[in-house]
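Here the structure comes first, spelled out in structure tokens, and everything after it is commentary.
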């Protein structure tokens, strides 16, 4: 028995040692993948230019790790405009294939699943492509030009927004490179069917000078799908929107979304613009853009706002900027908050009740449906009692929802004040 115990202890210790050794060969792919947008040769050695993915689970699993390497680096460097790519895997050491019958993950194979062929693997070839970048020009039709002041002041950076499609020469290949960023920055990203002509593409570029020549750098993009609405309308739906990390926080998302709305206003057949599974950050962005667009419309004057939400607001928002009724209501609520004196008890009460009436509508419907079902299953007294409990819970949830909404609306108003 003593011998058996010693053997068991040895096995436990051996297993622990093996697990510890294997753990040394696990790498977090969110930090192992290094992304870079290259404009100048010196950018290759400049760590300030490096940025990292937010998500890698679609290629490397829920734990977002790669096994089998120490000091793993997955280099994905892109020339800033054309997005010509250099892909290389580097590491300090790799697990021995004979080590306890384990083998390293095929990191290169996983990355090849999403990046198109034709990439470089060495620096010299990449620098040769960089020298030809002066020939790269944006695709499609120029829609909008705007400037952003340098954070240090004294210099304006110029940006342009273009609309493109797959008939533009070279755009299909460019888009294949561009869409790879989705996997790193959108949690549920997937690639679209580019052969479907209903897709529209909106691209943001920075226009800059290099050695006396004008060049362009990719900033971000949006894809929009045009759904058919019976009998003769379309409803553009925003599917994907991404501003690359080095350009975030500079207002490009707002410029892009506003430009898209203004573009579609020119088409009488467009009913309104929606979004596919919008994130919280997208909803905040949309709130800001739509309020900015609508704030000077006559139907959203202070006098009209204080009288409550009405059909004129719905019609004018739809006709002027392709905004649907639900979004027009949010615009009204934000602008109503802007003109409401919250220190005035009567104005505050009127605003609070107006918002809560809208918030409680689905609760009331749910309660009516629930009451009908329970009458078939339980005595009336018990049903009434349970309904009272639900009403109490609804009031708490309603107040919480109201306060959260007001907080979100105030952030939009603060941003408007900074414009």
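Just so you know, the numbers here start at 1 and follow the chain as drawn.
Cβ atoms here come from the backbone N, Cα and C positions, even for glycine.
Sequence annotations record features per position, and here Swiss-Prot assigns N-acetylalanine to 2 based on a large-scale study or a structure entry.
Sequence annotations record features per position, and here Swiss-Prot assigns N6-acetyllysine to 9 (among others) based on similarity to another entry.
Here Swiss-Prot flags 15 (among others) as N6-acetyllysine.
Annotation comment: Swiss-Prot describes 190 (among others) as phosphoserine. Residue 190 (phosphoserine) has a Cβ environment of 11 other Cβ atoms inside 10 Å.
Swiss-Prot lists 199 with the feature site 'Interaction with histone H4 N-terminus'. Within 10 Å of the Cβ of residue 199 (site 'Interaction with histone H4 N-terminus') there are 17 other Cβ atoms, across all protein chains.
The secondary structure of residue 241 (acetyl-CoA binding site), as reduced to three states from DSSP, is extended strand. Counting only same-chain residues at least 6 apart in sequence, those with a Cβ under 8 Å from the Cβ of residue 241 (acetyl-CoA binding site) are 220, 221, 222, 223, 253, 256, 257, 282. Summarising the annotation, Swiss-Prot assigns acetyl-CoA binding site to 241, 242, 243, 248, 249, 250, 251, 252, 253, 254.
For residue 276 (active site, proton donor/acceptor), the same-chain residues that are 6 or more apart in sequence and have a Cβ closer than 8 Å to its Cβ are 225, 237, 238, 239. Per Swiss-Prot, active site, proton donor/acceptor is recorded for 276, and the stated evidence type is an author's statement.
Under the three-state DSSP scheme, residue 343 (phosphoserine) falls in the coil class. Here Swiss-Prot flags 343 (among others) as phosphoserine, drawing on a large-scale study or a structure entry.
Taking the centre of the Cβ atoms of 241, 242, 243, 248, 249, 250, 251, 252, 253, 254 as the acetyl-CoA site, the nearby residues of that chain (Cβ within 8 Å, site residues left out) are 219, 220, 247, 255, 256. Following the DSSP three-state reduction, the secondary structure of residue 249 (acetyl-CoA binding site) is coil. The shortest Cα-Cα distance from residue 243 (acetyl-CoA binding site) to any of the recorded positions (190, 199, 343) is found for 190. Residue 343 (phosphoserine) and residue 199 (site 'Interaction with histone H4 N-terminus') have their C-alpha atoms 48 Å apart, to the nearest angstrom.
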